[in-house]
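Q: The structure that follows is given in the form of structure tokens.
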Amino acid sequence: MAATRRLANTVAVITISHPPVNALSSSVRHALVKEFGEASRDPKVEAIVLNGSGRKFSAGADIREFGTSAIKTVSLEDINSTIEASQKPVVAAIEGIALGGGLELALACHYRVADIQAKVGLPEVLIGILPAAGGTQRLPRLIGVPAALDVIVRGRHIPASEALKLGIVDEVVQGNALDAAIQLARKVIGYPLNKKRLSTVRISSDSNLEDFLDTAVEKAKKQFRGAKAPLACIEAVRASVHLSYHQGLEKERQLFFSLWATGQPQAQQYAFFSEREAGKWTHSSGARWDTEEAKPIRTAAVIGLGTMGRGIVISLSKAKIPVIAIEQDAQQLEVGKKAVNSLLEREAEKLKQQGSVPSSNLGSVHFTLDFGELQDVDLVIEAVYENMELKKEIFRKLSSVCKPDAFLCTNTSGLNVDEIASVTHRPNQVIGTHFFSPANIMRLLEVVRGQQTSLTAIATAMNLGKKLGKVAVLVGNCPLFVGNRMLGPYLEQASYLLEEGYYPEEVDQAMEEFGFAMGPFRMMDLAGLDVGWRSRTEKGLTGAKVPQGTPARQRLGSRYSPLADILCESGRFGQKTGRGWYQYEKPGGRTGKPDPWVKDFLQKYRKTHQIKQQPSNPEQIVERCAFALANEGFRILEDGIASCPEDIDVIYNNGYGWPKYRGGPMYYASSVGLPKVLDTLEKYYKANPDVPSMKPAFLLKKLAALGGPPIKEWRTQVGKPVNKL
Ligand code: 3HC
Ligand code: NAI
């Protein structure tokens with residue numbers, strides 16, 4: 001049943017019942033109309049309370065119904081208007097969540113009571129749309145335009161205590177919100193309801209408000225780069241200031257349909273569901289997320305407190321897991337301890353602001369140099385330098401010190417997990433947990449299964465990812481795994497573009513206008529150019545190991561761009577040295593400016609190597625970089641390193657600043673049309689046979705020959721994966 005009704009004395013309690021999150025599907029909406037109508041007509045009922053089953057009010061409209069005929073049946077706003085107009089007081093009892101249409105339904109009620117754990121919000125913007133059941137019109141009338149704009153444009157989930165301060169809810173209770181709502185409903189029987197009907201409230205407009213909205217538009221354009229939904233949200237809120245409620249509602253509706261026509265909501269909703277699907281991993285043995293049991297992780301350890309280790313410690317602590325943090329010497333331990341403690345203080349401050357007690361919500365952190373203290377931990381995450389010999393030394397130690405059933409994880413960004421596992425007595429307990437920087441903030445976690453990794457280890461690492469609030473994606477073990485492997489051809493193209501006449505700022509601008517959070521050169525400067533340089537030196541692609549007589553722009557018969565190597569040889573490592581592809585105000589500076597040195601260097605380089613200059617064409621920049629990424633994605637699917645294109649997209653959306661409104665590189669390739677992607681790659685490869693990464697992948701050809709089937713059908717065309725390790 002989609003909604004039920006019972007009587008508590010003279011209060012009718014209508015409970016939405018659509019597990020797991022009480023999404024307001026067509027059947028729920030019909031049930032609400034029926035139950036609400038009957039309660040309104042029932043002379044025994046003097047007040048009405050709305051709540052949700054399973055201690056969740058509602059996660060809003062049923063996203064799966066968008067684009068189907070189900071959405072066209074009774075509208076949520078019609079229900080909201082009926083509730084608001086009710087002569088009997090209506091109280092929303094908010095437990096767990098009231099999001100999107102769920103909060104809009106609650107805003108139509110005359111009063112709202114929330115439990116202290118509840119979160120409310122209008123996160124529609126995150127799935128490419130705007131609140132479309134009156135939310136953009138009622139919320140500004142309730143809490144004012146500036147506060148409403150912040151809630152709607154950022155789409156954040158607001159804790160109950162903050163919702164109370166903002167005035168979104170009337171009461172927050174420690175205990176049972178339903179009981180409190182029933183009590184409140186009884187108390188307000190007979191009270192006048194006019195002021196509680198938000199659609200009747202007037203917002204007074206002044207020039208400051210106009211300036212505020214104009215500034216918000218400019219800010220949103222910069223911050224959300226090409227995403228249409230935040231701008232539509234601002235326009236809808238602007239309508240609440242200038243138009244009557246009903247005209248504003250009409251504007252909200254029009255904006256919804258114009259957003260839908262851009263294709264961005266479809267891409268973002270694909271991204272939303274792909275993230276949820278990523279957790280439902282499958283294994284070639286037939287084992288799955290729901291057949292394998294994860295072991296509980298009660299205590300953990302982190303080895304190495306550098307850039308990554310610090311963030312990993314904070315992530316674990318935020319998930320209330322006590323951590324032992326280890327460094328190589330007293331000095332490094334002190335540096336790491338200071339950094340971790342300062343991050344922990346910030347987390348504690350945030351918790352205090354949310355009304356929570358830090359000591360009961362953060363796991364303790366114990367700092368030590370003694371590996372002997374690790375004998376009882378359930379799981380260890382190694383985050384020392386990216387060096388195979390060092391990693392092996394650490395894993396040998398861990399294997400002898402830790403209890404036999406402890407899981408040993410490595411945060412390597414691309415080394416062979418099997419080789420690391422091979423030095424332990426328990427390769428089945430070894431697994432890659434590849435966090436992204438900063439690890440306490442970035443949502444992505446690549447979980448890398450080795451040849452011998454047990455299903456329990458996979459289940460445990462995937463479960464830990466969820467517990468840490470990450471999006472964990474299970475991938476296979478190959479050099480650089482999925483995300484970083486795809487980055488190779490992308491950065492290679494970016495470099496070739498410089499050789500052919502572009503400058504770093506032009507390539508970055510094109511990719512940022514496409515929607516990337518950061519163009520490739522800004523990204524390299526941030527990450528540090530020395531990291532890749534060290535790895536290329538180790539591989540003999542640059543430095544002393546390169547055989548005498550090797551042409552400057554060729555390695556192993558393929559094209560090679562030595563530009564980044566030359567920058568590193570000049571001490572230009574990026575932000576950390578104050579110079580890289582850009583110049584910075586100081587070493588460690590964040591604001592990069594185009595550097596005349598780089599311009600001069602590129603001009604001389606092109607002259608020396610007599611490279612033919614391409615006419616400027618931003619579209620070509622995007623095509624070459626984005627198609628190079630996707631082409632490698634097809635190869636990764638062929639190799640069985642990612643189990644589906646959706647997983648690759650989740651990785652790019654959450655770890656590499658890919659614009660979610662373009663769905664991910666595989667979704668993008670699909671939306672551009674696989675025949676077009678194939679044609680572009682074929683032309684490029686024909687003209688540049690020394691760039692093997694642009695040779696169209698076999699799977700791409702196969703799918704293009706089928707006319708580019710929908711992305712959900714690609715899985716069936718992959719065939720038997722070949723692990724190329
Ligand atoms: N519609 C349909 N299905 C939904 C849904 C929704 N609004 N919200 C969640 N689900 C589904 C998920 O796909 C998942 O399904 P599965 O079990 O088959 O994979 C299941 O519910 C559980 O979701 P999560 O795995 O995400 O569970 P969590 O507990 O981690 O998170 C949540 C719960 C915070 C509610 C999160 O799911 C979420 O953020 N949901 C989306 C909320 C949202 O965007 N609401 C706005 C909808 S649009 C709208 O309301 C338009 C209105 O203005 C008219
Ligand atoms: P880092 O250089 O910032 O930190 C490494 C830390 O390990 C240092 O503090 C060092 O003192 C410590 N260490 C070295 N030997 C040790 C030992 N024997 N015992 C205990 N501690 C020891 O390195 P970073 O960037 O944190 O990288 C760590 C790992 O994470 C590497 O494998 C790297 O490839 C990977 N990674 C790095 C990312 C990044 O953006 N920096 C992103 C994702 C993964």
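Placed from the backbone N, Cα and C atoms, the Cβ positions cover glycine too.
Heads up, TrEMBL stuff is auto-annotated, nobody curated it.
Quick paste from TrEMBL:
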- 300-477: domain '3-hydroxyacyl-CoA dehydrogenase NAD binding' (DOMAIN)
- 481-584: domain '3-hydroxyacyl-CoA dehydrogenase C-terminal' (DOMAIN)
- 621-707: domain '3-hydroxyacyl-CoA dehydrogenase C-terminal' (DOMAIN)
Q: Is it possible to list how many residues within the domain '3-hydroxyacyl-CoA dehydrogenase C-terminal' (621-707) are helical, extended or coil according to DSSP?
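A: Split into helix, strand and coil, the domain '3-hydroxyacyl-CoA dehydrogenase C-terminal' (621-707) gives 65 helix, 0 strand, 22 coil.
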Q: On the 0 to 100 scale, where does the mean pLDDT of the domain '3-hydroxyacyl-CoA dehydrogenase NAD binding' (300-477) fall?
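A: Averaging the confidence scores along the domain '3-hydroxyacyl-CoA dehydrogenase NAD binding' (300-477) gives 96.
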Q: So how many of the residues in the domain '3-hydroxyacyl-CoA dehydrogenase C-terminal' (481-584) end up helix, strand or coil by DSSP?
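A: Summed by class, the stretch gives 56 helix, 8 strand, 40 coil.
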